[in-house]
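> Here it is: the structure, laid out below.
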Amino acid sequence: MSTILESLPTGQKVGIAFSGGLDTSAALHWMKLKGAVPYAYTANLGQPDEDDYDAIPKRAIEYGAAGARLIDCRAQLVAEGIAALQSGAFHITTAGVTYFNTTPIGRAVTGTMLVAAMKEDGVNIWGDGSTYKGNDIERFYRYGLLVNPDLKIYKPWLDQTFIDELGGRAEMSEFMNQAGFAYKMSAEKAYSTDSNLLGATHEAKDLESLESGIKIVNPIMGVAFWRDDVKIAAEEVTVRFEAGQPVALNGVEFSDPVELLLEANRIGGRHGLGMSDQIENRIIEAKSRGIYEAPGLALLYIAYERLVTGIHNEDTIEQYRENGRRLGRLLYQGRWFDPQAIMLRETAQRWVARAITGEVKIELRRGNDYSILSTKSPNLTYQPERLSMEKVASTFSPRDRIGQLTMRNLDITDTRDKLRVYSQVGLLTPGETSALPQIKGDDK
């Protein structure tokens, strides 16, 4: 039997990741009418645009679900988000502005926790709203089978019968109204939004055009910092880490990481911090474009990176950054719990994050405009007296530097000889306009 089912398995339990929106509501009721036994599973990911989670399972029962559960995923989501922060698992940047992989982190948590809940209920068929062109279909496929090797996957949006009957939002709305649910289709936006406590993703529709900019987006986690009528006062904020864990904001300690991140979101959101516009490569190697929000993670990341650069040596930082980019790509591909990802992640958490203790004061202004005002840590290896231009007791003398220059640069002769070889074989063209005019025609 194939893992992916192309038609509805009638008479069997089918779990659906149920958001309460039009698509999953119509799909659930349609499956019920067609003879399946639908079960609804809703992930509480702290979505900033959802204000009544408890009502969602009730609606699922109303639409025909044989069972409905609300799974609180917030603690696990924040734990994985902080792990990504500690390991720098972010590979998508544009001109130094970072996408914090908030959707891939959310999928790792949702895909494992919902399927685990389904397994408890004896539900071994899973459906969700991901389409065949996106990343999520592969992420959910991997995470679902990782948790339940007996899992079968049924997606209404891959079932031609469902598509023929309910292929669009207008058809779904009419279907629900005819069923007596008086479902009012929400106003169509110029883009689609997916969010969790870590961040929000805006993409598709009008945002598919690169002629449409960030200004068409209405932020849900912060302010539209580009608007002249939005008043934003500069604000100083302190962030404290202990052994790699964020523990305090503005001197207020948080025992619950979820509450700390919510407060970080509020602080960063007041300034529009952490918004970015990215062109990225999807898993299938086609490019897509997204506009992202992550005010809290952006705030924590500024402080964390500052401490990393002040505490660790150059080679450690280089490994942290290189491994972080590799890990970010694995996370994006739905491989956050694969052995190669665990190896990279735990290396960073053990050897980089554990030394990160200290406090950073930051002045936030508009958008991603900020300044670091102070950096304190008992673990700093930054010691200005080593390089002071003033007359102070030095850790090394001019004679020491002469010896270092001599020993460190013995290869200059070798380099000069190699450049001559390259010139002789035509790889370099010496001359007045050359980057290396000084080697032209020189003989040994």
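Backbone N, Cα and C define each Cβ position, glycine as well.
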> Starting from the L-citrulline binding annotation in Swiss-Prot that includes N135, R139, S192, T201, E203, E280, which of Y99, Y154, Y301, Y304 is the extra site residue?
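Record source Swiss-Prot; matching candidate: Y99.
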> Considering the ATP binding residues A17, F18, S19, G20, G21, L22, D23, T24, S25, A43, G129, T131, D136 given in Swiss-Prot, which of D150, D159, D164, D194 is annotated for that site as well?
D194
> Closest to S192 (L-citrulline binding site): which of the binding-site residues A17, G21, D136, going by Cα position?
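When the Cα distances are compared, G21 comes out closest.
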> Indicate whether T201 (L-citrulline binding site) is helix, strand or coil by DSSP.
strand
> Looking only at DSSP and grouping its letters into three states, which state does T131 (L-aspartate binding site) belong to?
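In three-state terms, T131 (L-aspartate binding site) counts as coil.
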> Rank aside, I only need the closest one: which of the binding-site residues S19, D23, G129, T131, D136 has its C-alpha nearest to that of T201 (L-citrulline binding site)?
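So, of the listed binding-site residues, the one sitting closest to T201 (L-citrulline binding site) is D136.
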> Could you tally the C-beta atoms, other than its own, that fall within 10 angstroms of the C-beta of N135 (L-citrulline binding site)?
19
